[in-house]
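Notes for the one structure printed next.
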Amino acid sequence: MLRDHCSLPADRALLSQPPTAGLHCKMVLQAVRRVLRKSKAKPNGKKPAAEEKKVYLQPEHTKSRITDFEFKELVVLPREIDLNEWLASNTTTFFHHVNLQYSTISEFCTGETCQTMAVCNTQYCWHDERGKKVKCTAPQYVDFVMSSVQKLVTDEDVFPTKYGREFPSSFESLVKKICKYLFHVLGHIYWAHFKETLALELHGHLNTLYVHFILFAREFNLLDPKETAVLDDLTEVLCSGPGGGGGGGDGTSSGAPGAQNHVKER
Ligand SMILES: [Zn+2]
């Protein structure tokens with residue numbers, strides 16, 4: 001069962017961003033063993049974390065951050081920078097970070113443990129290029145997300161990098177689409193893989209990434225509030241402190257601790 005923990009899947013290992021810095025095989029191995037010991041998942045994988053309470057809302061976890069940056073200030077469009085350039089550069093960075101964060105738990109996200117792409121009571125279906133619904137498991141959904149976003153951010157016609165090339169008129173709506181998908185992946189990590197993230201001691205990275213991403217999306221209206229409602233309880237706790245919750249010690253004083261947010265199925 002404990003096969004090859006130390007290598008990331010090839011398609012996800014392409015990024016050299018900081019979140020995994022300092023992760024050593026020994027630590028990963030210990031963490032995985034801890035998770036497996038604690039895991040109550042049945043061998044057939046039915047009902048993973050879904051039945052359990054939202055561990056990610058516990059104050060000792062929501063406090064965890066890797067930096068004290070004031071993300072509310074950091075996300076604002078700097079003077080002299082073109083809006084589309086700012087959206088493009090940040091969206092690409094968020095894609096890389098979400099991809100990397102998912103790669104840390106991807107070996108636990110299988111067709112057996114996650115038969116559907118679930119976040120709380122919501123299950124997402126993928127829609128193919130013709131708009132047809134595709135029934136898929138969570139890892140398949142994440143693969144669809146990552147490959148379609150990768151295709152977009154490397155397409156010169158959509159994310160131009162060369163001097164003189166212009167952004168397409170559909171640029172903003174494509175950025176919104178990407179943000180929606182990245183939100184689903186982050187949501188799935190919290191909902192179905194927070195325990196593993198905790199065991200790997202990467203919840204500070206996850207919280208930090210989430211706060212930065214949500215505040216950026218909020219600043220430029222990139223996410224539909226109906227879309228993000230599924231994690232409103234988490235967002236409230238993480239993003240409502242001074243500086244957008246970046247201060248790191250404020251998770252207990254805001255929002256409604258432990259509030260259960262029953263979201264309708266969609
Ligand atoms: Zn999963």
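Each residue, glycine too, has its Cβ placed from N, Cα and C.
All annotation found in TrEMBL is predicted automatically rather than curated by experts.
Note that the structure is a prediction, hence the values are computed from the model and not measured.
Annotated features in TrEMBL:
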type	residues	note
BINDING	C109, C114, H188, H193	Zn(2+) binding site
COMPBIAS	242-252	compositional bias 'Gly residues'
REGION	242-266	region 'Disordered'
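Of all Cβ atoms in the shown protein chains, 24 besides its own fall within 10 Å of the Cβ of C114 (Zn(2+) binding site).
By the criterion of other Cβ atoms within 10 Å of the residue's own Cβ, the least surrounded of the binding-site residues H188, H193 is H188. DSSP gives H188 (Zn(2+) binding site) a helix state. Within 10 Å of the Cβ of C109 (Zn(2+) binding site) there are 22 other Cβ atoms, across all protein chains. In the three-state DSSP classification, C114 (Zn(2+) binding site) falls within coil.
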